Amino acid sequence: MAAGFKTAEPLEYHRSFLKENCRPDGRELSEFRTTTLNIGSISTADGSALVKMGNTTIICGIKAELANPTAEAPGKGYIVPNVDLPPLCSSRFRPGPPGEQAQAASQFIADVIESSEVIKTEDLCIDRGKLCWVLYCDIMCLDYDGNILDACIIALLAALKNTQLAEVVVNKETSVPEVDLEKRQRLHIHKHPVGASFCVFDDSILIVDPTAEEESLSTAHLTVVTDEEDRLCSVHKPGGTPLSGEKLQECINRATTRQREIHKLIDKVLDSVKTSQ
């Protein structure tokens, strides 16, 4: 009976749970799904991480390449994020060029990298005006069940903390860069941005970490990104119904708590990786 009700009236089905301050999967309204993290899973990448939030699964691989700095920023390297939502992760996505959601996610990640200053791009410069590192951050969704933005930020941050760059010296006589793959240095991570995503039901009920079904039935989406100093890095709200200042503050408070939880999780996993090496 319940399965038929869910199929025929999905919104009413969800409302019957929300009235009792819980959700169909048993979570409370402000409860995140279990988050697991694996670091260094891609041996061919310079840094990598795999994140699972409930069924949502995201993998991030980072490849570092040498390039010429841009004329506008001769003393800086650059970071190029790309989010891929292939048909493999959900039947809602089609083969071919990136869809609107994938492009919007890539732009959101690029904005978070810039606004949070997770890495200072000056650190990626090797020889001013001549040589710098470019970090290609490929983020792929393996299983889509809502809230990919939070999972993408966690995967990116964990992969950056796992990235090691080879030592590069520019030969003064020949001006040719000499790469020493034996000597590697970790990236200096300046800030630890973490996202918390919310959905609004019936313009008033706020839920955290929505599943794909909850996202499709909601009236508004919101993602808040904060760092370890409780600094607000980004607020992303693509349309939908308006939110009161009080509700927004509630989201920011929950996001700062989430930042501490994920920061602790990443450090714990990194420590276990170092111990096993």
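Note: Cβ is positioned from N, Cα and C throughout, glycine not excepted.
Computed from a predicted structure; not experimentally measured.
The domain 'Exoribonuclease phosphorolytic' annotation in TrEMBL covers 31-165 (among others).
For the domain 'Exoribonuclease phosphorolytic' (193-256), the number of residues in each DSSP class (helix H, G, I; strand E, B; coil) is 18 helix, 24 strand, 22 coil. The domain 'Exoribonuclease phosphorolytic' annotation in TrEMBL covers 193-256 (among others).
According to DSSP, the domain 'Exoribonuclease phosphorolytic' (31-165) comprises 36 helix, 49 strand, 50 coil.
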